[in-house]
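Report on the following structure.
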Amino acid sequence: MELPEFRLPESPGEPRGASPCRFLGVGGSSPEGLSLDSLEIDQSDAEAQLLVPAEGVGGGGFCSKQIALIVTCVLVDALAPLAQEQASRSSPGAVLVLAETLTYFLGGLALAALREGVSGLRRCMQPWRYLAFMPASLAFSFAAFMTYPAVRGFGASQFYLLAQLRVAIIAVVVRIRSGVRQPLYVWLSLVQLVAGMVVLVWYKATSVATDAGCGRAAEAALRASGVVSPLSSLHVSRTGGSVEVEVSQAEDLDSLLGAIICMFGVIVTSAFGTVYLERQLKASSKDPLFIQLHQLNAVGVTGAILVALQTGVQDVHTDSAAVGGELMSAAGHAIESDLQVFFPFKVILSVSCVVARGALNGTILKQLDALTKGLIDVTAIVLCTVIQVWAQGKATDGTTVGLQMLILLSVLGFAVARTDGPAIGTTAIGGPHSPSPSNQPYAPPSRCGPSRVGPVKAL
């Protein structure tokens, strides 16, 4: 076993090779007579040297590759919700989820075969690893199915912002698991985050309910006056004026309530899946990321296939009833439409962004820290909002924008506040924790002033 190596400190005015007697506890007058037990080493400093993160993590500066990784992750994280919103309006969510999970599953197998051959395939197809990833796989599968209704109801930027509520759930789980105390202002940031999200959802629901109530009142008044039939949709237009009233049969309020339920499901399931996933990523850190993503989606792809088949059967029954029982014709039409789903540009872009986001987030979890991931999310939210307002021409509401900025500042405050207090972990979901000051062993003060012991080599 290799012993630790220490560098003896040198005073500014002391010549090299001078007697280091003042650094020795008892006896000896030369470095050769130095005893390890005689040195009073600040244990917290030694642990800090041993626990120094890799370059680019936690303030050591980022190299060019890590900067490129961060920039790419911000762009993909900002584009993914926008692409999902557009794809969900023209394609069924079950088919989109199936395409995403199949890409992870088959892509991991293909990369393993190309890089390692038969041994790579054997490393992928391990039943016990499939079982180990199964809870996280089920959680992310449920979250994926509920993502598309939530995105349709809230829009891309608000969905991405509300999804950050899982930060509060993760923080509570990590606090219970690790026992590491957080400063008061960290919890105040989380309370502000939750309050801002509740107010935003309440404001949006109230606005939709008010609009729906006005629409129903206008429709009832026009029906009473005999302008429209109760069975027809309301559409009044005048050639000489600019009056046009439309009342849709699909209730916007019901759609929003469904989106709120799906949003809550996305937050809870993704938080649990993230907590469980990091444990498995750390436990099998020797495996490449593409093998881990393959094993993660092995159970999810089975569920996605079953849901897609069930959705296809329901569509066939609906179409056959509409055409008067022509089952074969309806089935052929359904199969043709399902095959055409994979070819539109919106679907391809959505699946590509989601798959790339999963791979990049896994890389961030393994190489960087929680603070970096939190700042990436905040930057991506801002970029997503700017793109949605500028490129898509979304109408801006001052109250909604103000609530979004409040939530954004809460997320940013939580990410920055953890740098001053005890860290939650090396990643967003737990992992090795830095010892809190109350848990550090007592080190007696040195008679020679502050400790200047050099770097320590691990045993």
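The backbone N, Cα and C atoms fix where each Cβ goes, and this holds for glycine too.
Residues annotated as region 'Disordered' in TrEMBL: 426-459. Here TrEMBL flags 95-118, 130-151, 157-177, 184-203, 256-277 as transmembrane segment.
Using a Cβ-Cβ cut-off under 8 Å and counting only residues 6 or more beyond its ends in the same chain, the transmembrane segment (256-277) has close neighbours at 133, 135-136, 139-140, 142-143, 146-147, 149-150, 152-154, 159, 162-163, 165-166, 169-170, 173-174, 201, 204-205, 208, 296, 428-430.
Stretch with the most C-beta contacts under 8 angstroms to the transmembrane segment (157-177), considering only 95-118, 130-151, 184-203: 184-203. With a threshold of 8 Å between CB atoms, the same-chain residues lying at least 6 positions outside the transmembrane segment (184-203) that come near it are 158, 161-162, 164-165, 167-168, 171, 260, 263, 399-400, 403-404, 406-407, 409-411, 413-414, 417-418, 421.
Tertiary neighbourhood of the transmembrane segment (95-118): same-chain residues 84, 87-88, 124, 141, 144-145, 148, 288, 290-291, 293-298, 300-301, 304-305, 307-308, 311, 338, 341-342, 347, 350-351, 354-355, 358, selected by CB-CB distance under 8 Å and a gap of 6+ residues from either end.
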